[in-house]
Amino acid sequence: MELSLLNPQQREAACHGEGPLLILAGAGSGKTRVITCRIAHLSAARGVAPENILAVTFTNKAAREMRERVEEMLGKKRCKGMVIATFHSLCVRILREDIEALDYKKNFSIYSTADQLRLIKDLIQQVDIGGRKFDAERVLYAISDAKNRLVPPEKFAVKYHDDYEYMAAAVYPRYQKALKAFNAVDFDDLIMLVARLLQEHPAVLEKYRARFRYILVDEYQDTNAAQYLLLKLLAGGHHNLCVVGDDDQSIYGWRGADLGNILEFERDFPGARVVKLEQNYRSTGNILAAANAVIKNNGKRREKALWTADGAGPRVDYLLCEDEEDEARAVMERIHGERFREELNYSDFAILYRTNVQSRAFEEQLRYENIPYVLIGGQQFFDRKEVKDLIAYLKVLVNHRDEVNLLRILNYPKRGIGETTADRLIRHSAQTQKPLWEVLKSASELDDLGDKAQEAIAAFVALMERYRRLFNRHGMMVETLRELIAEVRLEQEIYRTVDDPVKARRRVENMEEVANALASYLEREESPSLPGFLEKVSLLDEERPGRDSKEKKLQRDAVVLMSIHSSKGLEFPHVFLVGMEEEFLPHKKTLTETFDLDEERRLCYVGITRARRRLVLTGARRRKKYGEMQLRVPSRFLAEIPAELLNASRGEEPPQLPEEEKDQRASKAFANIMSILGD
Ligand code: ATP
Ligand code: MG
């Protein structure tokens, strides 16, 4: 066993027996390593059966890595049956087994953000007869926030009395009703419905309590109220709940993560053993000192004293650049130089930013200099229109009650079911309370529809029923998908509607990529199915599946570009934390009015602590915005790093502060930076 690879505190945590356990530790202190060793210990030394172990984390990558580490220690065979999953995939698993208790069908669809927005837009129109423009995303955000706090539609109280709140209050119940009618769930439902299932059905709760006898949770600081309730319910009988987290790395407040969950664990689980880990094994002394110096400015936190046995290492670099292009060039220069000097791989470098839009200048420069890179996140493959169109067909084939997607494909590509016909069908469905699919099947009873429309509808129904059968042929799924693309003439539709031939080609290739994704899903999965494939696609939190998964991308020798959010839990020898400016980090929030500076500081802390040996902070004096040059103010967090840790490049000419940006704090940060630059 690898317990010898742990320090005494880590070992204490890994070998803990029964009862609640809280491991509270800073970044890079080996929390994730403790979890994997604890799983191995439970299995090897305590004889716990694999199916009694449940480990939960936040991203697919983290879950996959955890499984791999455990398999290395125990061997694949002894891990079979262990559930090592994200919250969402755990919940899908439970719902596929037991959702009927909540009066849904097992073939439920999982709605993507795009599906949700389509539905919300529709509902806004139904509610708002005045025709005012509402931003569907903002309404969705309010609803999602309520769900994460476990507030059902009937308890949604209007607090701030703005138009959006009233709109959200009106849409929320309709939205839930529609989802139910379409036999669909959204991401927030996944967690909320499982919590409800366990609360309302004691027999189901008992079943899962008996199954998951040891529960381990990584990145516990990011759980929201719904996830917390879920854990509390599951661990309710045996209290064998081990949670691992760092209050300083809580960065999902905007998604309802509740720091209280970690700060109050001991109160909620009496008798909990608390283990603190303070030795950092990841970063050099200077990097760690910079991280500590920043995070100590947050008020509500548990004091931690992270230290490292490593040397101080080089100072943290700060590059103040002219503009975004200069910033990108400066980063490339460093990569070229250090890679050569220290014989590094491209994959030893990561460029981290606060918002995905910041990646553009870096991508361009990387391409220009022929440096291989991978972009993680950003425009998700499955968010592209042509991909969504194809997936919509598949979603309807699996669940014909899915009306959002049924309407998406009803007349796409054009097949003679125009808007008037569609309206007539929808109206009939509403009047008779019959699902739209049933209305389509019996459309011949609607005398006011013309012959052409009747024919088109009948052909569509026949097409879908035929493909539902075809997809059931054993081992023929990829062929069937290609047949479907050809028969529906999706490619021709793209060539017909997209003028730019290069763009059109790329879109067609993207559809082919879906077939590839399906093929590689079929290879990996023991008992593959079309619903299973759609589920994988829905739960994807990374770029594309299959051939070009995030995993494989990271293995390729390429510079990694990603947001700070998606870098959580990862580490890289060299990290560039770019755009260290006010409005980026801290970010000028647009969605919510509540500006959470502490959370921005935690993000900065997460970014800094990804670095193992070298950290470079960069910022620009000015940036183009709406075609105009704007002066930028260095991030206030820079000023929190003691000057002796920083190695700042000298700017030739001090940036001028525009009048309106002379906010007190910013100018203090600015003055500090200037003094660093001047020393
Ligand atoms: P984060 O807060 O970023 O999620 P973490 O606390 O989960 O970090 P790990 O990722 O588990 O930390 O470990 C950080 C690094 O330290 C890894 O490279 C890991 O292999 C190494 N490490 C952890 N514990 C030890 C140890 N006892 N001896 C040597 N290396 C260790
Ligand atoms: Mg970790």
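Each residue, glycine too, has its Cβ placed from N, Cα and C.
Copied over from TrEMBL:
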DOMAIN    4-284  domain 'UvrD-like helicase ATP-binding'
BINDING   Ala25, Gly26, Ala27, Gly28, Ser29, Gly30, Lys31, Thr32  ATP binding site
DOMAIN    285-569  domain 'UvrD-like helicase C-terminal'
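On the structure: features taken from TrEMBL.
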residue: Ala25; record: ATP binding site; Cβ neighbours (10 Å): 26
residue: Gly26; record: ATP binding site; Cβ neighbours (10 Å): 27
residue: Ala27; record: ATP binding site; Cβ neighbours (10 Å): 24
residue: Gly28; record: ATP binding site; Cβ neighbours (10 Å): 24
residue: Ser29; record: ATP binding site; Cβ neighbours (10 Å): 27
residue: Gly30; record: ATP binding site; Cβ neighbours (10 Å): 24
residue: Lys31; record: ATP binding site; Cβ neighbours (10 Å): 24
residue: Thr32; record: ATP binding site; Cβ neighbours (10 Å): 18
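In the three-state DSSP scheme, Ala25 (ATP binding site) is classed as strand.
Not one of the binding-site residues Ala25, Gly26, Ala27, Gly28, Ser29, Gly30 places a Cβ under 6 Å from an atom of ligand 2. Listed binding-site residues: Gly26, Gly28, Ser29, Thr32. Those with a CB atom under 6 Å from ligand 1: Gly28, Ser29, Thr32. Within the model, the domain 'UvrD-like helicase C-terminal' (285-569) shows a mean pLDDT value of 90, rounded to a whole number. Highlighted in sequence order, Asp246, Leu277, Asn280, Tyr281, Arg282 have their Cβ within 8 Å of the centre of the Cβ atoms of Ala25, Gly26, Ala27, Gly28, Ser29, Gly30, Lys31, Thr32, the residues recorded for ATP, and are not part of that set.
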